């Protein structure tokens, strides 16, 4: 367009180009359609992109300074095309005056609209008819025609008129109507036509702005070049219109105008100034050509363009402009004036990367002065007058204060922008706010930069590759904008390389260009949804543009200076090469086909050869053009990486895979092979493919025979023929296994193949299934469930041994599995609906074998469970040992015809787990667990094994390596003991000291905390760098690895390992190193790196193909890998590493079975050398003890099949944990003693590695091998070897001292606390931590020093009597003093010796804590005879001859163990207890019952012993114990003076606690033998709970002992008992027992069913009267007993109880009184005895009758109450059922008196013993009922009055009352009293009615009684609750201390850890003080 300012073109380089600030508003899509012009002039305007397409302009530099301005970023275009291309405009700009304003823009808009008016847009009539709106004819006045020259003004005028006539018109329709009116108006308005002509003559609307000639020029200082495009103006107007319509809901753009005042200031740059970014790059040339269409029709313009082309051609010869970069329009287009255009250079700028942008707005027309200061106009912008004006800081304008709106009184402070700048933000853009970067994109530096015309990037010319010498002419596009698009979507970058840049390449921005200008990076790209065959090299810049995030991530991950190196070239010795060749043979390739090409193109660049091998074609589809695509599954890639390939693609093996697929499909879908499409894609085949077709061996799908071809009963003598093609050979035993499997399948017997690990169970299974398939017996489908880690190996074996199987591996993520379900399960369409897991709707299966993992069996059960499986194979079948597991339950729901289980460990020695395995295998045969366990109850081990073999024989086959591989190399295992390093010792001590409180807590620490401590100690034994504190301080070498010397010296194991590996490497051995901890493997990696050994590694994080690849690399012939690092758990399954012959177990697993599996990785088929196994164990550490205990526990699980014990073998109890933690700590804290330290020099290491060493001898039995595996190599240590004849099976934990940690760690802990306190600076003093709960011993005297403390532990029992000495000990004491001292030292040494091991084998016999079978039997017999052993068993007749050789400590430890076993839950038919001790037929119920009965008897005798004396007939003895009694009085009187209170060591109070406690247990079944008991049924129920009651009473009595008030009256007596000599011990013990026993019956004690009211009264009465003599005590007791006899009514029953009970109780009381009086008369001494049975037995009835007959003179001859007491006393003395011993004892002579008359009879003894037994059973029953009544009274039990039994009782009482109250009527009636007679008849009628009612009630009574809850339930005495409470820990520290006070002073040192509060503490309640009538007892050691 020509204009008056064309002459200023020569000054354009000096003028600053400005962009117009015209506002823009949004334009809705609805308004675009009618406004879009069809001519070429408006092609720049795209209605769809009206909001996005903005034209950016390049600004010229001025005064030689090439300054650029950054363009504003615009929004990304929604269209992908638009986002890739950008439009460029003519860059010609014109200077203009400052008065050029809005009018000029309006004229341009009018011109633009006029041009578009003739573009065929819809007219007003068209719009009205289309939208059904009413047209309004508008008359315009001349004034309106002159003023309405802009679309905006016209719209404001017309729109209200149109809207008034069409009130409901939609806004978009109204806009279109207004636009149509505007076009019509423009055609008729002459004013607009004139301006439009001027505009039209200028040429294109998008190139220059028209300026009318009559417009005045403004001064130069305010002149502004506003080059605005008419399409922008039109776009702005339409957007403003839409903005007004929508009431400014989307105010994205700011309108500008001088007359607008209400706009708020904005800090943002107006949108019109936003320049285009480099997103829409490539449509610029087209658009510019279109945009110039109108001007080309002008002849002047055509002439100018011709000149321009000639100039361009001349310039191209001179300027080296890259053709690739210059894709835009010519650099300069003419301005339509017809004058030649001056060529301009590409835009440059001076960049300053440190420049900060000014936040204030500045206008572009801001001229600068000479010194760079801005020049403002010197007159007011409003009034055009000078004077005092204020200057705008962002533009040249100036204003008077009064001319502003609103007026200002004073100039504003700070920077100020004028109203024009505030309103018109478009002109206020900061001058230097250029869109382009201020720094070079390559080097990030500033300076002179070359700016891209399509994006904000800027570059130095020398940073480009190749560099540019000159600035290119015209538009220049950077290498990023000019790079071509990618051929597809990149999926991943495989690798990169340096590539030489060709000379014709355009400039690049490669980062490597500075170092090497000739090199650029290229990346090897795997395309999305394309196979690896299509990978390509892509230049870096191309990838950087299209995938910036991908390349950034890759660059962060890899070194970008040196390309990564992949596998070495394939050679002939590489197994990978052989495998590839085998695959090639299968697909018919020549061995050398393109091998070099593939190696160079793919293998060296990180593409594995397997990824290029077609595994199979899984589906196909046909395109519309007839071509066929095939879905290809690639080898070793998941199914979701399958790709669609064309049939004609040059892919090796694809043609054969297609043939196989089509053959299989034809067979499965019953199609003929002719239906297969044979046409291939048109075009020339590659040479490779032609050769492939010619030379490949044709291999098609061969279906199996339709009918069986062989008999399954016929065995294979040799390998079957169908295996010959595989080239593999089966072992003879494997053929035998296959025969057995085939036979079992034919017979329908589900099987377990249980061959030992390494015998090839996988191969046998695969071959078995293959034989069924190939011989026509079964086509499948076969389901094989295996561990995930072994799945790849299984897949490989199927491929190798069963090549014709269609085996699919159902594994991977959900996408992979969806592909499998859709393509691999069936050929039928719609068999699976959608990608979700759903039911398979077909029975035509495509596959033969489906290989999957356990987890997917459960996850995808909806699909897999819908298939009818022919055979199920489960590898590692011990996963099915629990029927509660999800895998078991879901797999059990599958439809399976035959099951085969594979396991190397078929029996985990647990009947329940074995049953679950068999139940899964054969549900019909094994379905009753109880019956199954019952078959093995109470039978010997041999019988169990025999039955198991009979049961499992048809189902299981098990062969061992020793059975079938006699020529297999042997293995030797060595335990290598290693010393702790100095750093390890430091950390070991610190860990123990830090955890002192946990170790020394009252309960011995919780199991969880102890396990945590143990794990820390194990980590310390492995390496101290496993702790962060040590790792942080460790020295590191280059690369971040630990420095090798310090790393090795820090751990004793690594020192030895380093020496071993050097020699092993020199001898060409290969090593497996196992460790539990993956972090330890990390340290070993650093160690191996430092030693420069090559290695492989497998742990839990390496699975699937990565695992198998590592194994293959290690097993490859000639492999350089020397060491294989494995984690014990992850490396134990499905791994074959037979190329290694040395196994080092760095740290043993908790479960030794895992270690066995681990070293079986090397000792298996294929091993050619002897296998040496070295197990590192740190000496004197927790590790050594863990290994011992774990192995022994593992051995116990092999001793017998027993329930309730899992197969893990390493579940440690808390006591065992404590014992493990103690091991070796004492030596650790001693001063460094180098004498016993183990040092390995080179000679010792060589001897260790000598392969001629036998090591641990081979055993035929695995169990024996395990037993003997703990022998230590002789050279490994200087310490003594263990005795060979004693084989320790299990070391007990009972020999631990509760104060051990206090003695060992207290001083260290206190020192540590002080150090910590000092480190905290000033503050509160850290008080000494004192533990008051350590078994009472420590609490007794906390001021003792450590040495005294330790000495006390071993001196507690040094003064026991000689009766407990070993045989022959008496002779030593008969010698002189020297011999006596010698014997005493021997006794002390024997007592100080540690306890024997818990289990040991001596001479083939098992010993338990040193007790052989005979001694254990003797101990049990003593328990059954006397009940619980007393405290001083060594001084009583309890200690039988067989037990006298045991020390008291050993004896008490065995007692504690025995009682723990009694309270252990479990079935009596089990052969061992939980800790492995043989049960030996012990019946827990019978033993507990006997203990309880003996406790009841002992309690009853002790109750009346001090009244009745010790002799039944004192007249038979001259002096009946007068000296004894006097001595007792003296001792008691002497000890009464200093009474003590509080907690006392209550050795004598054990009787208190136990007497009532154990009195709970009634007799077992014999109690119900007594037929005379009228309440026989209830008695039976009581009998059932006998043992339970005894145990409850123990616990409750233990609680009683904890009450402080209970001890007040005990102390004098206890002290008396403590100081008594052995001669009078028993008498004193009797007194001591009686009084504390009565005192402990405190009414406040909860859960005390054993306490009678009379005993409570005794306590109350005795408190104010201290016992002065025994006689007084006896008198008191007699009185109290009589009173309590009367008080028995409320104690036996509540007020609601039966009256019969009350009556019987009162009768018993009367009898008691009478008996007492008789005894006093005859013997001159008191006698008292009673059993308050509540009338539930016939005892009191008998006593009444007998005492009536026992007239004076015949008291001894008639058996009555007195005889019963002495019978019980005799049983206490001589034991249960020892009738003859009792009769022969003179103390119980009264028992013989009633039988003197029968002496002459022949069966005299039989009569006598039968009577005694019957009588004793009656007494036993009475005692049991008495105890139960005590419980009922304590629990306040009352019968419900509405209960039928109670109503019957009430009626009986009514009858009784009625009869008794009317007895006189009978006499009066007989006397003839008629009124009395009448009354008598009424009474009799009442009695008859009552009796009739009672009769009917009695008939219902049996059913009612049957519903009564058992006695045990009503008395809250269930066995489980009793045992759980019995095993409960003590509630607090004081309770624990009081509990232990019942034991002898040193007993704490002999018990389990935490015995004070653990279950063992409560076992003491079984132990009453043992006393015998007539003897004095002594408690030694008190």
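Glycine is no exception: its Cβ is also placed from the backbone N, Cα and C atoms.
When the residues 299, 323, 642, 1553 are compared with Swiss-Prot, the one annotated as phosphoserine is 299. Note on Swiss-Prot: of 154-173, 354-373, 374-393, the range annotated with the feature region 'Disordered' is 354-373.
Within the set 671-712, 713-754, 755-796, the record from Swiss-Prot flags 671-712 under the feature region 'Disordered'. According to Swiss-Prot, of the residues 50, 266, 313, 313 is the one noted as phosphoserine. Within the set 310, 670, 1001, Swiss-Prot records phosphoserine at 310. According to Swiss-Prot, the feature motif 'DEAH box' maps to residues 875-878, out of the candidate ranges 875-878, 879-882, 883-886, 887-890. In Swiss-Prot, the entry for phosphoserine among 31, 116, 201 corresponds to 201. Taking DSSP states H, G and I as helix and E and B as strand, the zinc finger (437-484) has 4 helix, 9 strand, 35 coil. The secondary structure of residue 702 (phosphothreonine), as reduced to three states from DSSP, is coil rather than helix or strand. Each of the modified residues 701, 702 was scored by the number of other CB atoms within 10 Å of its CB, and the largest score is that of 701. Broken down with DSSP, the zinc finger (377-424) shows 5 helix, 4 strand, 39 coil.
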